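Colleague: For Asp312, the entry in TrEMBL reads active site, proton acceptor. What TrEMBL lists as phosphoenolpyruvate binding site is Lys19, Gly91, Arg119, Gln166, Arg343, Arg385. The 3-phosphoshikimate binding site feature in TrEMBL is assigned to Lys19, Ser20, Arg24, Ser164, Gln166, Asp312, Lys339. The domain 'Enolpyruvate transferase' annotation in TrEMBL covers 7-417.
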Amino acid sequence: MEYNIKNGLHGEVNIPGDKSISHRGVMFGALANGTTEIYNFLRGADCLSTISCFAKLGVDIEATRDRIVVHGNGMRGLKAPSAILDCGNSGTTTRLISGILAAQPFTSTMVGDSSLKSRPMKRIITPLSMMGANIVSVLGNGCMPLRITGSQLHGIHYQSPVASAQVKSSILLAGLYADGVTSVTEPALSRNHTELMLNTFGANVTTSGTTATIEPAEELYGQKINVPGDISSAAYFIAAALIVPGSEVVLRNVGINHTRDGILTVCKNMGADISYENLTMKGEPSADLIVRYTPGLKGTVIEGDIIPKLIDEIPMIAIMACYADGTTIIRDAAELKVKESNRLRVMVDNLTAMGADIEETDDGMIIHGGKPLHGAVINSHNDHRVAMSFSIAALNCEGEVTITQKDCVNISYPRFYIDLKKLIHE
Ligand SMILES: O=C(O)C1=C[C@@H](OP(=O)(O)O)[C@@H](O)[C@H](O)C1
Ligand SMILES: C=C(OP(=O)(O)O)C(=O)O
């Protein structure tokens, strides 16, 4: 792809629904009594994997033009799966569903694609086993396939070694079925969509600092959910507008939950020109973002508690840092090594190929900004966030950028190239 952009990016994008919230809407709706209607549901491959798993567990899920309707089976109404549960590329599907399956009166087997099969599952096997779950890695390597036979679970207090919403959510979902209170303490606060949404479904989840606590529940109740736009998807257009001269874009309905808004803090620290309109603070907060080209972005340090709040945006931030003056240091981000690809390695290798001054560290990257980027063949490793990030880098470099397996954007943002083109031509 080689773009010819004369006056920058202009126009508006309705940011597609949040992936994390879409997954949870289907899962909690499946366990609820009555129907759950989900508006602005993200119809990306990951969320479709969640729908397909719950369909195999006997849940009737309808897709209409504007919403997904989940006809809940109730907390004890899931059926033994009609087939192996295929979680595709989705870590969220795998880890959250495991917490539910650990308490069901049947055996389930879960598989995933080649990326998911290499991602660590001990992080859920360990705490779920402490709760009394019967969950095994079939190959004995701590990865998928997983086989889970439901059992009566016990409440635990778990000190998680990683700040991970997937681990936290898996344990909290198992905690719905436990014989006592369950709590999870994380080293830093991860996204809290499970806690917020489970409460609206009638569960009792409380939080104090980095600890989330859940009481066992008898029943959940179907809800109407309006999914805000995914800030992780908005991130690509935020970065694009900031680095392409002359740009001004409006990103509609972006979720700005404080456990997800790290990219906005980083942009502010870099000196970015971003303003907010139509702020809604009820439930999952959202806003329209107006982002303008900002010459002279400054390098910054990104570390500690902010990392979970921008974990999926680090590939895009690394590219923004290449366009900033000075050095950007990213630390405490070793989790990136166990995402769809090793995102530290893959970003450093591909940015080096484009001429960036970047080095990989044990738990992050050091980027000396200001070196012009040039075209290259980018190996996306079939990782949607890598493909989208380099599509943005391609907007503002000399020469052609070719991205392998570029259709992998379907995982989280099927309309990505269409929305990007609209901003280029408006
Ligand atoms: O809970 C979720 O919906 C997610 C949590 C994060 O993963 P971890 O919990 O593994 O950090 C994130 O990277 C992923 O895209 C979605
Ligand atoms: C890490 C991601 O998702 P998951 O863990 O659900 O595969 C992501 O979307 O960047």
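Keep in mind that glycine also has a Cβ here, set from the backbone N, Cα and C atoms.
A TrEMBL annotation is a machine prediction, not a hand-curated record.
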Colleague: Using a 10 Å radius around its CB, how many other CB atoms surround Arg343 (phosphoenolpyruvate binding site)?
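Modeller: Result for Arg343 (phosphoenolpyruvate binding site): 25 neighbouring Cβ atoms inside 10 Å.
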Colleague: For the recorded positions Arg24, Arg119, Asp312, Arg385, which residues place their CB under 6 A from an atom of ligand 2?
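Modeller: Cβ < 6 Å from ligand 2, in sequence order: Asp312, Arg385.
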Colleague: Considering only the recorded positions Ser20, Arg24, Ser164, Asp312, Lys339, which residue has the minimal Cα-Cα separation from Gly91 (phosphoenolpyruvate binding site)?
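Modeller: Result: the closest of the recorded positions to Gly91 (phosphoenolpyruvate binding site) is Lys339.
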Colleague: Can you list which of these binding-site residues (Ser20, Gln166, Arg343) have a Cβ closer than 6 Å to ligand 1?
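Modeller: The binding-site residues passing the 6 Å Cβ test are Ser20, Gln166.
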Colleague: Rank aside, I only need the closest one: which of the recorded positions Ser20, Arg24, Ser164, Asp312, Lys339 has its C-alpha nearest to that of Arg119 (phosphoenolpyruvate binding site)?
Modeller: Lys339
Colleague: Which ones are near the residue listed as 'active site, proton acceptor': of the binding-site residues Lys19, Ser20, Arg24, Ser164, Gln166, which have a Cα within 10 Å?
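Modeller: Within 10 Å of the residue listed as 'active site, proton acceptor': none of them.
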Colleague: Cα-Cα, whole number of Å: Gln166 (phosphoenolpyruvate binding site) versus Ser20 (3-phosphoshikimate binding site)?
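Modeller: Approximately 10 Å lies between the Cα of Gln166 (phosphoenolpyruvate binding site) and that of Ser20 (3-phosphoshikimate binding site).
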Colleague: Could you tell me the mean pLDDT the prediction assigns to the domain 'Enolpyruvate transferase' (7-417)?
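Modeller: That stretch averages a pLDDT of 98.
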Colleague: Between the Cα atoms of Lys19 (phosphoenolpyruvate binding site) and Ser164 (3-phosphoshikimate binding site), find the distance and write it as a whole number of Å.
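Modeller: Between the alpha carbons of Lys19 (phosphoenolpyruvate binding site) and Ser164 (3-phosphoshikimate binding site) there are 15 Å.
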Colleague: Look up Arg385 (phosphoenolpyruvate binding site) in the DSSP assignment and reduce it to helix, strand or coil.
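Modeller: Its secondary structure by DSSP: helix.
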Colleague: For Lys339 (3-phosphoshikimate binding site), write down the residues of its own chain that are at least 6 apart in sequence and whose Cβ falls under 8 Å from its Cβ; none is a fine answer.
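Modeller: Looking at Cβ-Cβ distances below 8 Å from Lys339 (3-phosphoshikimate binding site), excluding near sequence neighbours, one finds Gly91, Arg119, Asp312, Asp383, Arg385.
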